[in-house]
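As recorded in TrEMBL, the features of this protein are as follows:
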- 2-121: domain 'Poly(A) RNA polymerase mitochondrial-like central palm' (DOMAIN)
- 178-237: domain 'PAP-associated' (DOMAIN)
- 334-465: region 'Disordered' (REGION)
- 339-363: compositional bias 'Low complexity' (COMPBIAS)
- 390-407: compositional bias 'Polar residues' (COMPBIAS)
- 417-427: compositional bias 'Polar residues' (COMPBIAS)
- 428-443: compositional bias 'Low complexity' (COMPBIAS)
- 455-465: compositional bias 'Polar residues' (COMPBIAS)
Amino acid sequence: MSPREEEERMRMEVVDRIERVIKDLWPTADVQVFGSFSTGLYLPTSDIDLVVFGNWENLPLWTLEEALRKKNVTDENSIKVLDKATVPIIKLTDFRTEVKVDISFNVKNGVKAALLIKDYKKKYPVLPKLVLVLKQFLLQRDLNEVFTGGIGSYSLFLMAVSFLQLHYREDACSPNANVGVLLIEFFELYGRHFNYLKTGIRIKDGGSYVAKDEVQKSTDLYRPSMLFIEDPLAPDNDVGRSSYGVLQVKQAFDYAYIVLNHAVSPIAKYYPNNESESILGRIIRVTQEVAEYRDWITKLWGPQSQNEPALNGNDVTLLVKPQQLDECNNNLTEEVTASRSKSSSNSSSLVSSSSSTVSSSSDVDSDGTPCKTVKQLPGRGSSAHRESSGGVTNHRTQRHTTSTPTDNKGGKARLFRSSSKNTHHVQQNSSSSNIKSQPSSKPHYQGNSKKRKPQQNSEAQDLCR
């Protein structure tokens, strides 16, 4: 769930499109990003929070809404103006990327909160991974939205900071801390031990717990909420006041603690699903829809779209374009066909054995892709000299006309060569001569190839001897 470079590029394009619309309307306006996107703690489906600073008598919510629709940033069914909310905002979904965006006006707290989060990220290196897993955990249970009673991102972050501040182990804040153990302890604290009725959270001055009774006496708050979290930027503000469903969150944390605690217990190896399921996978699920969405982003904004070398299925960099590779494969097919008809009159049994090695996949393992090399060069007569091919060199002496597996340092590779053109250079009176064919321009790597003994007929063996 960690952010990828291509996802950041895509989101920056969304921000730029919206900013251009705003600048066209008000050239002196200042557009800033805050929230999870600015702090790097966003999920693939998280929204983008923008704030526009300017001088207006009345907030121009509807003016901007109309401009965004006319510029085709969004459509009328994907934009809403919440002008009656405590903080009036425009909520929209970008037409091209389906990224959700919230736009507010002249709200400074969001930008300050983003700076605060960045400072705590530097102080506690384990925070990003811990927060991302917790956000995904709440997201898939619909407990991450404040307006439905869940815990918002800012509240969750402050809870995580308080957890690390008051942790009894000093090494919990080090970069080498076991994040899995910290996750279980977080669930244990807020799912079992924390007293939501009487205790509040404060992270200022190194962090502490506060009694709600004292908070009620010392502040203007009429009654602290069930999840009382003192805002470090505004002590009179209760960040968790709108999270009325915090007890449901508590139950979810308790459930996660039980599941993970059992998963890491000594008897976990005897569980029937121990091998098929990861520890974290017992409480976290990433839907296929999200996975496909991320693949779509990678396809359009990833390295391949930036004219970088593409990768094939085995994470091997392709030095040629797929179209060129297809042309080479077609040329090979034509040459193999010509080689068969040309050599059949001279040595039918030998050519049959050697050409089948090139054109047929009978000797290739069923789990590997048959190798198709580029068009072979003509034989060079004498086999005494050594041959090389560009940057990739493969020296091999063939004792038989069919190819044999070769072990390289980088793994097992099977290099198929056509020896049908070299049959004209074989001298029957030279018993010690070796038959060599030209190597292909690039060896084909097969990680799971198995060695198999080449099958020859008796005539081919006599000829090689």
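Cβ atoms here come from the backbone N, Cα and C positions, even for glycine.
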**Request:** Within the domain 'Poly(A) RNA polymerase mitochondrial-like central palm' (2-121) only, compute the mean pLDDT.
**Result:** 95
**Prompt:** So, by DSSP, how many helix, strand and coil residues make up the domain 'Poly(A) RNA polymerase mitochondrial-like central palm' (2-121)?
**Reply:** 51 helix, 26 strand, 43 coil
**Asked** Using DSSP, how many residues in the domain 'PAP-associated' (178-237) fall into helix, strand and coil?
**Response** 25 helix, 15 strand, 20 coil
